[in-house]
Amino acid sequence: MIPVVALVGRPNVGKSTLFNRLTRTRDALVADFPGLTRDRKYGRAFLSGYEFIVVDTGGIDGTEEGIETKMAEQSLAAIEEADVVLFMTDARAGLTAADLSIAQHLRSRQKTTFVVANKIDGIDADSACAEFWSLGLGEVYQMAAAQGRGVTNMIEYALTPYAEAMGIERQGEEEEVDERQYTEEEAEAEQKRLQDLPIKLAIIGKPNVGKSTLTNRILGEERVVVYDEPGTTRDSIYIPMERDGREYVIIDTAGVRRRSKVHEVIEKFSVIKTLKAVEDANVVLLIIDAREGIAEQDLGLLGFALNAGRALVIAVNKWDGIDQGIKDRVKSELDRRLGFIDFARIHFISALHGTGVGHLFESIEEAYDSATRRVSTSMLTRIMQMSQDDHQPPLVNGRRVKLKYAHAGGYNPPIVVIHGNQVSKLPDSYKRYMMNYFRRSLKVVGTPIQLRFQEGDNPFENKVEKLTMSQERRRKRALSHIKDRKTK
């Protein structure tokens, strides 16, 4: 399971700066939920081969009213659900009463905590950081988040216990493409392995869109899973099931009750739990409330699923009982706001009455099969060549970008690796054209497809061309002819 790193500290110690650096963007919102957390941010980060979820919990002032009352409920939940806490302090401002209050709270929770002294640029870092040892939380790690100093070392150290689980051997910071090409036998064996595994299905959506109702509808009336027992709040519930001879694992993030009790409880909603479920799933089923239309929360969750490369099916719930005018408006909004995911199937259902629920699994299987389908190197190369025939790559410095061959780079999501010369200079518009061309040609449905470009080495680069004997004779005759003309 992907680890969660929570950034904790009083205001203005650099949490947002570190968040933006880890997520590599200044607009790295994955899910920002008004009404649940006023200023919390969730992002997906990659650093030194590690993949993790990072949470900016917002500032805590630690006033006399007490740390428990000043820390928002969702910030408390973020700390409780985090695997690692980075307790950020300001080396320039020194140790404050708020820092002491936060440290006391973290000690009581017995979380894996690392003290980070930020803003060490331009000062005597060792002297400035010395007083933070008195917090009693172990070693103090020096960092200048704005400049990136100490960030990589900090994350590597904090996430080392998760390296084996993530299959990490020391890698560089940049993600590398696996250039290994499967043989036909290996590719067939890998596809069979994937097809034999249960499909892990994450049912996600904002609160009260009907996730629990749908899960109970899928599992049947008698299935009961109590979601508020000790130990069930941190991780999602994994429920195995079988349908039409196909095995599934339903990843439930809402907590499941008897259908008769669904309306009697307020759904517990955990953003982190939802994001972790997306990372662990093969297929994501996003539930949208037809009565409310597409909300920003829906787009945030959708963005996270797409960034994770997960196969996707969308279900518009509560479709029964609304008039035709509202249905037309919702369909128009779906076309307008979700046009960029035209590869995903959209279903209109009623989880309460079961209308349309059975058809969801046709699209779920279709999306998973598309995401794990094996395509040979010869087929991918042929499609690549056809795309060039229909629309040539652009000229770069007077030379045409040359694409040589393509092969599969991974499954779920499907990854196509394209080798060629000057591919790094291909404009984004041409890359999008190729991605859409591959999608249409392969009839990929319900899953994003990724293209990766590898620069091919030119074997003649920096080498003097060696002429054949006939070429050498022609060259001498040409030079002799030029000399004769100059002497006349």
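Counting begins at 1 with the first residue displayed.
Glycine too: its Cβ is placed from the backbone N, Cα and C atoms.
Fair warning: this is a prediction, and the values are worked out from it, not measured in the lab.
Per Swiss-Prot, the features are as follows:
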- 9-16, 56-60, 118-121: GTP 1 binding site (BINDING)
- 205-212, 252-256, 317-320: GTP 2 binding site (BINDING)
- 3-166: domain 'EngA-type G 1' (DOMAIN)
- 199-372: domain 'EngA-type G 2' (DOMAIN)
- 373-457: domain 'KH-like' (DOMAIN)
For T253 (GTP 2 binding site), the spatially nearest of the binding-site residues N12, K15, T57, using Cα atoms, is T57
If I take the alpha carbons of T57 (GTP 1 binding site) and W319 (GTP 2 binding site), what is the distance between them in whole Å? 36
Please identify, from the binding-site residues N12, T57, N208, T253, the residue with the sparsest Cβ neighbourhood, meaning fewest other Cβ atoms within 10 angstroms. N12
Looking at the binding-site residues listed here (G205, N208, K211, W319), whose Cα lies nearest to that of K15 (GTP 1 binding site)? G205
In which DSSP state, out of helix, strand and coil, do we find K15 (GTP 1 binding site)? helix
DSSP state at W319 (GTP 2 binding site), helix/strand/coil: coil
Collapsed DSSP category at G9 (GTP 1 binding site): coil
State the Cα to Cα distance, in Å, between K211 (GTP 2 binding site) and N12 (GTP 1 binding site), rounded to an integer. 38
Whole-number Å value for how far G9 (GTP 1 binding site) lies from W319 (GTP 2 binding site) (Cα to Cα): 44
N12 (GTP 1 binding site) to G205 (GTP 2 binding site): how many Å between their Cα atoms? 32
Same-chain residues at least 6 apart in sequence whose Cβ lies under 8 Å from I120 (GTP 1 binding site): A91, A128, C129, Q142, M143, A144, R149, G150
Just to verify: the residue among G9, G205, K211, W319 with the fewest other Cβ atoms within 10 Å, which of the binding-site residues is it? W319
For a three-state summary based on DSSP, what are the helix, strand and coil counts in the domain 'KH-like' (373-457)? 32 helix, 26 strand, 27 coil
